[in-house]
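**Student:** What Swiss-Prot lists as topological domain 'Cytoplasmic' is 1-54, 115-133, 202-235, 292-304, 379-388, 463-488, 537-706. Annotation source Swiss-Prot lists topological domain 'Periplasmic' at 76-93, 155-180, 257-270, 326-357, 410-441, 510-515, citing a curator's inference. Here Swiss-Prot flags 55-75, 94-114, 134-154, 181-201, 236-256, 271-291, 305-325, 358-378, 389-409, 442-462, 489-509, 516-536 as transmembrane segment, drawing on sequence analysis.
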Amino acid sequence: MQNRVVSCRFTGSTARRATMPEGIRGRSHILFLVPLSRAESVGRLHQVQRFKVNLPVFVGSVAVIALFVGIGVIAPKRAESIFSGMQTAILSGFGWLYLLSVAVFLFSMLFLAFSRYGELKLGPDDSEPEFRYLSWIAMLFAAGMGIGLMYFAVGEPMTHFASPPEAEPLTIAAQREAMSVTFFHWGVHAWAIYSVVGLSLAYFGYRYNLPLTVRSGLYPLLKEGIHGPIGHVVDIFAICGTMFGLATSLGFGILQINSGLNYLLGIPQSIYVQLLLVTVVTAIATISVVTGVEKGVRILSETNLFLAVLLMLFVLVVGPTGTLMRDFVQNIGLYLDSLVLRTFNIYAYEPRPWIDSWTLFYWAWWISWSPFVGMFIARISRGRTVREFVTAVLFVPAMFTFLWMTVFGNTAIYVDTTIANGELARDVKADLSVALFQFFEYLPWPAVTSTLAVLLVSIFFVTSSDSGSLVIDTIASGGETATPALQRIFWCSLSGIVAAVLLSTGGLTALQSATISTALPFSLVMLILVWSLFVGMRADLARTQSPGSLGPRAYPASGVPWQRRLAMTLSTPDRRAVEKFLQASVLPALEAVARELTRRSRPASVGRDAETGALTLTVPAEGHRDFVYGVQMSEHKLPAFTAYDATVADVRYEARTFFSDGSRGYDIMGMADNQIINDVLFQFERYTGFVRSPESSLLATSPEER
């Protein structure tokens, strides 16, 4: 059953209501008419601003957010006690499930990356990445880990050094264990958690043409049921978890910024300063979110990565450089040596509260944070292969994090043991939020480095806020990415308002505990996502391994002389030649096939896209993807093999095919009419086998490209 668009026109106190069919399944659209000023409204009543939302998800998530914020405002202490108790009970009672789940996530992602599934594209077979590799890495890094690295770079290694889980405190063994544990908490396990959600959303969103929402990962289990109540609940859960994570991180981060400004400039640590900081950060994030991923988020992420590298290199150069590089190599060895043991070590035979306070807390936090980071990574990863996605997401940020933690953590331990005589360890224990600034006091130019650190923390918060708001907006709109600016402003502002309200009432800790508690049910959802990925990819491989999936078969069957084929390959047709070919050869061939199919009781039609000029033969199929054989003009850069090549046109225009199942297209420029018909028939035979095969039925029955 389709949803409807609700259009409301407000004129004075009256309102007129109308409805029309909406063609996008599972999505409700609301049209708001925004009044202009009195002077502007002469001759024009209103300016239309369209809000695109999935109504049950939008209303449900806003209601749940309001409920939890209300509890935090009305009874912050009572709420903190209840949610903290819930968090403690979950971590102690189900910690084994967290460890086991994260192990499954990691090994599943590695298997998908390095098996035959790794060759699948996140999108059609010939899709290309939307962002440069460096921009892509910068954005996923800033969204996934950024602010935590600033907060824990000095604090966590120093804390484990002073109070390690097993070694004697403040010893060489404690140094080794401190860095090994820190690497473990910030290494590939965290990114494996993010990868599960990100890969699931990207794969089913771009490969199965489903909405870019968490519910789509449940498609192999629920099929069309993802558009019903269960799907709504999953998306509401994801929105609320993301909003609460954003709000608590923003609130605690503002406290750190305020501490830094107090440490540097003597600015008082007060609620008024903190509310002002929330306003400034939210305003900058709003500007960024309005400009979108391609501009605001990308530019801020790249700037942040550049400044972070600059700060890290400064500490590396002025610190014990040679020692740090040796430490880096040793730390990686310690990490790899203990990787499997720590993955499954819950201290079952010698219970330690340390595991609940650190490892299990981290796993729960990464899981609760994964809808946000996973969705954002999915949104920017179209066109990547599964192998490229997993290896980049797992290893590139982790390796940078390892170097970062070594530079700051080992330098801090070195300073504490050789210069500060234990003073830095005591300062960190007293106040973790100013540990980084106190660390800079032992290095040259502390004012400059501390100022840069405050700037980095601020930008990290902006990038988290704007990317998080984009993610929430995408889920609330049913997977729509091209939403109105006002809609994105709403979500970005709401995260700032929630943080400000809870800062004022002292409810941040309660909300953080509630957020971490949600990791338990969501870990079960994530296990289903892993299963869904294997089921979906198995159906996909059945399609790609069917005959004809790799290219055209008309040439070998048509007896074209090899000399002519070589001449066609080396030719460089211009735009006019391709347009003429489409009109004179492709169109008659497609029309001939359509007539014959219709005569044989298989209705078919040929259409032309008004904007691109693409020609499409479509054969409808009830309950399956339609058969589509399309041909469109595409432009390709030519390599120069000789000096002569460099003097002629460096662009080649092709008549390239495309298909409804996302198979890779190919150039048919120069084929005769009967050769084109042979190619269409071959692809139709392949399509028939595709929709009839039980192995590929899941993909064959998924929606058409949106």
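Think of each number as a place in line: the chain as shown, counted from 1.
Cβ coordinates come from backbone N, Cα and C, glycine included.
For the listed features, I'd like the structural context: burial, neighbours, distances.
**Tutor:** Mean pLDDT across the topological domain 'Cytoplasmic' (1-54) comes to 38 in this model.
Counting residues per DSSP class in helix, strand and coil order gives 18 helix, 0 strand, 0 coil for the topological domain 'Periplasmic' (76-93).
For the topological domain 'Cytoplasmic' (115-133), residue counts in helix, strand and coil come to 5 helix, 1 strand, 13 coil, using DSSP.
Long-range Cβ contacts of the topological domain 'Periplasmic' (155-180) within its own chain (Cβ-Cβ under 8 Å, at least 6 residues beyond either end) map to 327, 330-331, 334-335, 338, 342, 352, 354-355, 358, 405-406, 408-410, 412-413, 416-417, 422, 424-425, 428-429, 432, 435-436.
Outside the topological domain 'Cytoplasmic' (202-235), and at least 6 residues removed from its termini, the chain residues within Cβ reach (under 8 Å) are 25-27, 54, 56-57, 60-61, 120-123, 127, 371, 375, 377-379, 381-382, 384, 386, 389, 474-476, 478-481, 525, 528-529, 531-533, 535-537, 540, 662, 698-699, 701-706.
Residues of the topological domain 'Periplasmic' (257-270) grouped by DSSP class, helix first, strand second and coil last, total 9 helix, 0 strand, 5 coil.
Using a Cβ-Cβ cut-off under 8 Å and counting only residues 6 or more beyond its ends in the same chain, the topological domain 'Periplasmic' (326-357) has close neighbours at 88, 91-92, 95-96, 99-100, 102-103, 106, 165, 176, 179-181, 183-184, 187, 189, 402-403, 405-406, 410.
Helix first, then strand, then coil: DSSP counts for the topological domain 'Cytoplasmic' (379-388) stand at 4 helix, 1 strand, 5 coil.
Remote same-chain residues near the topological domain 'Periplasmic' (410-441) are listed as 150-151, 153-155, 157-159, 161-162, 170, 175, 178-179, 255-256, 259-260, 263-264, 315, 319-320, 323-324, 327, 331, 449-450, 453 (criterion: CB distance under 8 Å, separation of at least six residues from the stretch ends).
Helix, strand and coil content of the topological domain 'Periplasmic' (510-515), in residues and according to DSSP, is 6 helix, 0 strand, 0 coil.
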**Student:** Under 8 Å, at least 3 Cβ pairs, sequence separation 6 or more: does that hold for the transmembrane segment (94-114) versus the transmembrane segment (55-75)?
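**Tutor:** Contact between the transmembrane segment (55-75) and the transmembrane segment (94-114): absent, because fewer than 3 Cβ pairs are under 8 Å.
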**Student:** Are the transmembrane segment (271-291) and the transmembrane segment (489-509) close, by which I mean at least 3 Cβ pairs under 8 Å that are 6+ residues apart in sequence?
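**Tutor:** Between the transmembrane segment (489-509) and the transmembrane segment (271-291), which are separate recorded stretches, there is contact, as judged by 3 or more close Cβ pairs.
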**Student:** Does the transmembrane segment (389-409) reach the transmembrane segment (181-201) with at least 3 CB pairs under 8 A, where each pair is 6 or more residues apart?
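**Tutor:** When sequence-distant Cβ pairs are counted, the transmembrane segment (181-201) touches the transmembrane segment (389-409), since at least 3 lie under 8 Å.
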**Student:** Cβ pairs under 8 Å with the transmembrane segment (181-201): which stretch of 236-256, 305-325, 442-462, 489-509, 516-536 has the most?
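**Tutor:** Stretch with maximum Cβ contacts: 516-536.
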**Student:** DSSP says what for the topological domain 'Cytoplasmic' (202-235): how many helix, strand, coil residues?
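**Tutor:** So the topological domain 'Cytoplasmic' (202-235) is made up of 26 helix, 0 strand, 8 coil.
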**Student:** Relative to the transmembrane segment (236-256), which of 442-462, 489-509, 516-536 accounts for the most Cβ pairs at distances under 8 Å?
**Tutor:** 489-509
